[in-house]
Amino acid sequence: MIPEIGYFSLVLAMALSLLLCIFPLWGAHTGNLRLMRAAPSLAVGQCVFVLLAFAILIYITLTDDFTVAYVAHHSSSTLPWYYKVTSTWGGHEGAILLWLVMQTLWTAVVALMSNSLPWILRARVLGVLGFLGVGFMLYTLWMSSPFERLLPYYPVEGRDLNPLLQDPGMIIHPPLLYMGYVGLSVSFAFAIAALLTGKLDNTWAKWSRPWTMAAWGFLTLGITIGSWWAYSELGWGGWWFWDPVENASLMPWLVATALLHSLSATEKRGVFKSWTVLLAITAFSLCLLGTFIVRSGIIVSVHAFATDPDRGLYILMFLAVVVGGSLALYAARVAQVKSEGRYQFLSREVALWINNIFLVVAMLVVLLGTLLPMIHKELGLGSISIGVPFFNQMFAILIVPFAILLGLAPMLRWKQNKLSPLVKKWLLLSVVTLVITSAWLFGNYEVVAPLTFIGTALAVWIVLLTLFDLMQKVTVQNTISEGVKRLGVSYWAMVSGHIGIAFVIAGVTLTSAYSVERSVRMLPGETATLNEYVYRFEGVKEIVGPNYTGHAGVVSVLKNNKLVIELHAEKRLYNIGMQFMTEAAIDDGFFRDLYLALGEQLTQGAWSLRIYHKPYVRWMWLGGLLIALAGFIVITDKRYRKTSAPSEQQGVGA
Amino acid sequence: MNRKLLGLIPFLIFILLCVFLYQGLFGNPRELQTGRIGHTMPSFTLPDLMDEQKQWQDKDLIGDVYLLNVWGTWCPTCIAELSYLTELKEQGVKIIGLYYEQAYDPDFGDQFDINKLRAEVQAMLARTGNPYQFNILDLNRTLALDLGVSGAPETFLVDKKGTILLHHTGDINQRVWRSKFAPKIMELTQ
């Protein structure tokens, strides 16, 4: 009975979202204010019913109702309660329901927080979001209901949640990623509403910017935590695989990054208007494309989701309607848009434009690398595979000019700049960069490969120039505290984001260059040495978890004969699926991670162990957090919450 | 260039992409074009998984249409397909297992615990049903390498003369069986 209530609740939600799609759009078209006014309550209503359905799914999972197919396939009675909750998005149907939860939550938040918008724009934004809601709800009800029953023959025990997903990182990774994807649908809705209204002025850019920043922040967090999860859970210390599923989240991120830079130029200078709209459409389209790639089984991926051509066909149709429709609308309206800002070559506008080119090229590289094997095959040219080396090489080439520009650009003002004072500073700073990098690398390592040097220098360069620029801007005023106050919120966001990028570059470069590993066969009491650490194998003990049993290899890590830490590297056998899982033991540190994975049991009490020493690996995720922080800093900007700022009413470029 | 035409470019690219995505939806990415299709089984001499006295050779297999299923108890998808394979066996399909042991690493040069593995396999097959006529143990992965196996599960369809007709990557389920294997087998029996 209860699962049926869940299904019915989704039906009601879909009815409301149909109304949410039709009423405000029709109202905006005919100028009927009453229809437009219905939108916010409809948005809240659909959200309430979707939340109810989600709560019911959690409830039936917690109460082990194995008559429901989804619960029987993705949970079990022995699963700890928190993993039962997360199992509600561990499978396809539940993940789509989570998507719906996010979609309707964002829609409701937009509905409630947009009361300073003109009704005609507000109605159109909500109407577009309503349309997206209808698309996903129809999909859920029609082809992917999580409330399907297994009656009359149902199992007494569920098949358990995939052990790989039984990890804290996995609890928050999908919700964050979906927050990001769905958040980009808000930017998309703003862009479509602006195109429908025919007013592509900087007002829409201003409204759309905080939503885009928030969505991008969540997306950044989601990707960062996904990478961290892969590192801690997959057992061999890798952190990025260029897997189609990862690429599916990276592509919207790259475009969203381009979008938020372009948005700031559109908002402040009224330039790149049509380009910004195109980016907003593209970012969300890539989210949908990613979903299609992941869920349709079109590409072989290590993320083994249940695949089904009917589902793929539905998502493709939806993709065609949403993206095709909006690109057609774009084509129809773009000719009317005129850019009115004027600028010279050496200006922030041009720097942002080049930044956009790099980001879009990077996205195209990922897109081609992901889809080319399929296209190649469809053209009858045979199977090919594009792997990690292709992506690594392409990104290594792209990152160099990108990072150099990233350091320079914040120093440029809008419109125009004088070259000679800038060149003097840049030359000085590049010398300082080389000195610091050389001291850092040659002081610590015997061998420094050219690429390692370049990567590290780029990171140092970004940090130096960002800090130098910050210092310059702060000291312009009479006192430093006044200077700090004068800097806008988005400036601080930029500092955080750019330094975050520097940390990512440094982390990736140094951990790729100086990670070392050893596979050893050890008897209890034996030691192995890797870099300055000595690892003493103390033996193996049995462990019993709630739904698994296994062995934990106990290893004492010593440095200069002093105990640093005792690590427990586990090998678990999950009872229901009979799957073996390696649970690596990690001693994390700011400058290095010690990473230990227990291998096989060999004869005479010996075990194989893999030991990794990974310098600076944490910097990547620290960088990711700093970048995400930038997104959240921008939303605190009070400018976005004023009900009517004077500048909007004047409408700089309307 | 005309601004109107310029604005159409994203739309046109997208349409093109959609055409490929639509085609890709009905193609199968798991279908590998191995060089082995149409060739005969590579020659080998490998022991039986349950009895190392018993050695299997490529010529022992000639004379029957059979499936060669690459699997291991470490591989969750393989375990998932065991019950369907057992159903197929009950319908009269001859299935031979090629056991692929992932945990064994020759680099350690260590004795391999065959008895533990046998117990594990027996326990697993007792739970899911046993689809296999017998299992060949390919400890050093020589045959798997010759066949171009890239992972598990993978399944080869071999005819009476020992010619490889199909190479399927991923699990076998009812849909795959009906669309891919059954037509080939129908052809053979006609």
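Using N, Cα and C of the backbone, Cβ positions are placed for all residues, glycine too.
Long-range neighbours of the transmembrane segment (A:6-26) within the same chain, counting only residues 6 or more positions beyond its ends whose Cβ lies under 8 Å from a Cβ of the stretch, are 32, 35-36, 38-39, 42-43, 45-46, 49-50, 52-53, 56-57, 60, 100, 104, 107, 122-124, 126-131, 133-134, 137-138, 140-141, 145-147. If you look up TrEMBL, you'll see A:6-26 (among others) marked as transmembrane segment.
Residues or ranges marked as transmembrane segment in TrEMBL: A:38-60 (among others).
If you look up TrEMBL, you'll see A:89-296 marked as domain 'Cytochrome c assembly protein'.
Among the features that TrEMBL reports, transmembrane segment is placed at A:96-113 (among others).
Feature annotation from TrEMBL assigns transmembrane segment to A:125-142 (among others). Long-range contacts of the transmembrane segment (A:125-142) within the same chain: residues 7, 10-11, 13-14, 17-25, 28, 39-40, 42-43, 46, 50, 93, 96-97, 99-100, 103-104, 106-107, 110-111, 114, 117, 185-186, 188-190, 192-193, 311, 314-315, 318, 321-322, each at least 6 residues beyond the stretch ends and with a Cβ under 8 Å from a Cβ of the stretch.
Only residues 6 or more beyond the boundaries of the transmembrane segment (A:178-198), in the same chain, are considered here, and those with a CB under 8 A from a CB of the stretch are 28, 95, 98-99, 102-103, 106, 110, 120-121, 124-129, 132, 204, 207-208, 211-212, 214-222, 249, 252-253, 256, 259, 276-277, 280-281, 283-285, 287, 290-291, 326, 329-330, 333, 336. According to TrEMBL, the transmembrane segment annotation covers A:178-198 (among others).
The annotation transmembrane segment is assigned in TrEMBL to A:210-230 (among others).
Among the features that TrEMBL reports, transmembrane segment is placed at A:250-266 (among others).
What TrEMBL records for A:316-638 is domain 'Cytochrome c-type biogenesis protein CcmF C-terminal'.
Taking Cβ pairs closer than 8 Å, the transmembrane segment (A:353-375) reaches residues 242, 244, 247-248, 250-251, 254-255, 257-258, 261-262, 265, 272, 275, 279, 286, 293, 298-299, 383-386, 390-391, 394-395, 398, 401-402, 405-406, 409 in its own chain, all 6 or more past its ends. Sequence annotations record features per position, and here TrEMBL assigns transmembrane segment to A:353-375 (among others).
The feature transmembrane segment is assigned by TrEMBL to A:395-414 (among others).
Annotation source TrEMBL lists transmembrane segment at A:426-442 (among others). Long-range Cβ contacts of the transmembrane segment (A:426-442) within its own chain (Cβ-Cβ under 8 Å, at least 6 residues beyond either end) map to 408, 448, 452-453, 456-457, 460-461, 464-465, 468.
The transmembrane segment annotation in TrEMBL covers A:448-468 (among others). Long-range contacts of the transmembrane segment (A:448-468) within the same chain: residues 396, 399-400, 403-404, 406-408, 410-411, 425, 429-430, 432-434, 436-438, 440-442, 495, 498-499, 501-503, 505-506, 508-510, 513-514, each at least 6 residues beyond the stretch ends and with a Cβ under 8 Å from a Cβ of the stretch.
Look at TrEMBL and you will find A:616-635 (among others) tagged as transmembrane segment. Away from its own ends, the transmembrane segment (A:616-635) comes close to residues 209-210, 213-218, 220-221, 223-224, 227-228, 231, 239, 489-490, 492-494, 496-497, 499-508, 510-511, 514-515, 588-593 of its chain (Cβ-Cβ under 8 Å, at least six residues beyond either end).
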Statement: Contact set of the transmembrane segment (A:250-266) with the rest of its chain, CB cutoff 8 A exclusive, min separation 6+ beyond the ends, reads 180-181, 184, 187, 202, 205, 208-209, 212-213, 215-216, 219-220, 223, 272-273, 275-276, 279-280, 282-284, 286-287, 289-290, 348-349, 352-353, 355-356, 359-360, 362-363, 366-367, 370, 490
- prompt: Residues sitting near the transmembrane segment (A:96-113): Cβ under 8 Å, six or more positions beyond its termini, same chain?
  reply: 10, 13, 17, 20, 39-40, 43-44, 46-47, 50-51, 53-54, 57, 88-89, 125-126, 129-130, 132-133, 136-137, 139-140, 144, 146, 174-175, 178-179, 181-183, 185-186, 189, 211
Task: Determine the mean pLDDT over the domain 'Cytochrome c-type biogenesis protein CcmF C-terminal' (A:316-638), rounding to the nearest whole number.
output: 88
